[in-house]
Structures are given as C-alpha cells and as structure tokens.
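Colleague: Sharing a structure, written as structure tokens. Questions coming.
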Amino acid sequence: MRLILLGPPGAGKGTQAAFLTQHYGIPQISTGDMLRAAVKAGTPLGLEAKKVMDAGGLVSDDLIIGLVRDRLTQPDCANGYLFDGFPRTIPQADALKSAGIALDYVVEIEVPESDIIERMSGRRVHPASGRSYHVRFNPPKAEGVDDVTGEPLVQRDDDREETVRHRLNVYQNQTRPLVDYYSSWAQSDAAAAPKYRKISGVGSVDEIKSRLSQALQS
C-alpha cells in the first residue's frame, strides 16, 4: 500500500495515518524526519542538504526527491509507505511523478473550514502534564482548569483562531491545488495515475477509519 493523505490542518490526518501504518505495516515518511536522519547519518545527500540549511536556504525539490528515493530502498518500505506532508506543491508532485515513484492511492480527508476552526481553536492544554481538553468535545470538569491539579489550562498559539485561519489560507493556496492535480490525473489517465479517493473527515475517529478502509478497498 503506497499512498498520500491530503487534507487541511486539523482534518485528523495524523490519527488516520497512525491507523494505516499499523494496519498495513508500512512506515510514515515525513520529509522533515528524512532530512534530519540523512544529515545525522552524513549521507552525500544529507551533507548537501545540511549545507543549504546552514546557509538559511530551502532544500530543493530535486534534493528532496533524492532523499525520498534513498528512503524507499530501505527494507521497511517493502510493503509500501505513507507520505506525510509530501508533496506540498505541484512542482514536488511533478518531480515525484517524473522520478517514477509508485503510488496506489491519494486520499483526501475533507472537513468544512468552520469545523476545523472549532476543532482547533477549542483545544486547551495543561502545560506541565501535556493533558489536553476541548471546550466543547472534551471539556474539563471545571471550566478552564485541569481535572487533576486544578491549575489553569492554556490555549497554544498554534490553536488561536487567527493562526488557524492563516494555516488554512496557506493550505488553500499551496497544497489544495494538489487535490485538483491528482483528481484530474486520475480522470485523464486512470491506468498510470494513483486512485484518487475523497472521504469526509467529520464524525468519530472510528467512523472516519471505516470510511478510509472502504475507500482503500475500492
């Protein structure tokens, strides 16, 4: 099973990715993890990437594709792989295609923007323990305080509504075009293209898991 999960921040991709990697026995491949591992191992591509990053530059798509190819030769990828946060842009998707890197499915998890804003801006955390709550879906026993210690809960900067809206804008401008890219490729060249599936990310974790499993069997 070789696939990409697409969807806006807060759509639940992380939860579903964890289910898929366990279910299919495949690794979740993140470009960030890959870069860090290559730099640490001192591979030729890792050293090249380190040079660029140390100079404050952005690692080129060609370099990323090289790292992806290296990563996919490792034994844990024998049954497949799940790309996490990659590709992010059309040039990266084109580079992936040109490199002949195989994909079986591209799955989009669709959640209305208003739901995402409610999901993310409602999160509250207890900094010392990491316990998390949600003002609507998983509220603390007493408003605004941790169940165990009674200490105040905080809203992380990442979860503030204006930050969430900004991240959604970035997604719409940068990554959303990938949805059109893969869906139109699947329509125009079904034999060569990965199968494109769209599922709703609204509902319980188990409901979404069930939709995802069905999508990957069709």
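Backbone N, Cα and C atoms are what each Cβ position is placed from, and that goes for glycine too.
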Colleague: In Swiss-Prot, Gly10, Ala11, Gly12, Lys13, Gly14, Thr15, Ser132, Tyr133, Gly203 are given as binding ATP, so which of Arg2, Arg36, Arg123 is in that site too?
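Modeller: The candidate from Arg2, Arg36, Arg123 that Swiss-Prot ties to ATP along with Gly10, Ala11, Gly12, Lys13, Gly14, Thr15, Ser132, Tyr133, Gly203 is Arg123.
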Colleague: Check each of the ranges 30-59, 60-89 against Swiss-Prot and return the one annotated as region 'NMP'.
Modeller: 30-59
Colleague: Using a Cβ-Cβ cut-off of under 8 Å, list the residues of the same chain that are 6+ residues beyond the ends of the region 'LID' (122-159) and lie near it.
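Modeller: Those are none; the list is empty.
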Colleague: Under a three-state reduction of DSSP output, how is Tyr133 (ATP binding site) classified: helix, strand, or coil?
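Modeller: In three-state terms, Tyr133 (ATP binding site) counts as strand.
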